[in-house]
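Read the structure below first, then the notes.
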Amino acid sequence: MKAEISWHCHYQKHKPTFCRIIKKKSVEEFKPDPYIATVLNCAFWVFYGLPFVHPHSVLVVTINAVGLVFEFVYLTIFYIYATNKGRKKLLLLLLLEAILFAAVALVTLLVLHGTTKRSLVVGVLCDIFNVMMYVSPLTIMAKVIKTKSVEYMPFWLSLANFLNGVCWTSYALFHPFDIYVLISNGIGACSGLIQLILYACYCSCNNGVKNGDGDDTVSTKDVQLATAKGRTRVEV
């Protein structure tokens, strides 16, 4: 059940953003940071869950493998509609991530012996990158506060991060206890909650400015004012 919830959250949290990008044929001011961070995070968790690193972690491997595939699909869409500068930045960051992952994998397999040592090193790294994934949407927080608009901080991304953190925290506590899964996802749940609070504070400022797809809309109050000012009498 937790696996289904986690997979569903992973899919739903990005879907509205990329539907909008495809519709607009532009990434606008959306940042690729959350998706780039999630790629590295999923890759490390897949590595962590392998039998020769941390045995009995099949669920960790399968969920994050699915997540990894989705993230590459999202980044492909982002790449197609990004500017040349955005594309170069995206490719550079992915290259750096690939080098880092390869280096960690080689050191783990060639230098560290036994699943206890491997679980410790890879688990700590997984926690670091998992926290990066959870807090990456906060990179837009300054813009949200400055513009008093949550247009570029998607609600579903924040909600899904919160639910995902709660699900994996529960998993770490009850099946069997896993300190590495617990720490990062506990922080992730708190991060998601902060994002939702920020969204609640500023979402009302978006009323009548943009709809969910980014199209211009006019609030009811504005319509009433415009109607009152422009009302004409037609006599027969």
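Cβ from N, Cα, C; glycine included.
TrEMBL has this to say about the protein:
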TRANSMEM  34-53  transmembrane segment
TRANSMEM  59-81  transmembrane segment
TRANSMEM  90-114  transmembrane segment
TRANSMEM  120-140  transmembrane segment
TRANSMEM  152-173  transmembrane segment
TRANSMEM  179-202  transmembrane segment
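Of the ranges 34-53, 59-81, 120-140, 152-173, 179-202, the one with the most Cβ pairs under 8 Å to the transmembrane segment (90-114) is 34-53. Nonlocal intrachain contacts for the transmembrane segment (179-202), taken as residues 6+ away from its ends with a CB within less than 8 angstroms of a stretch CB, comprise 48, 60, 119, 123-124, 126-128, 130-131, 133-135, 137-138, 141, 144-145, 148-150, 153, 155, 157-166, 168-169, 171-173.
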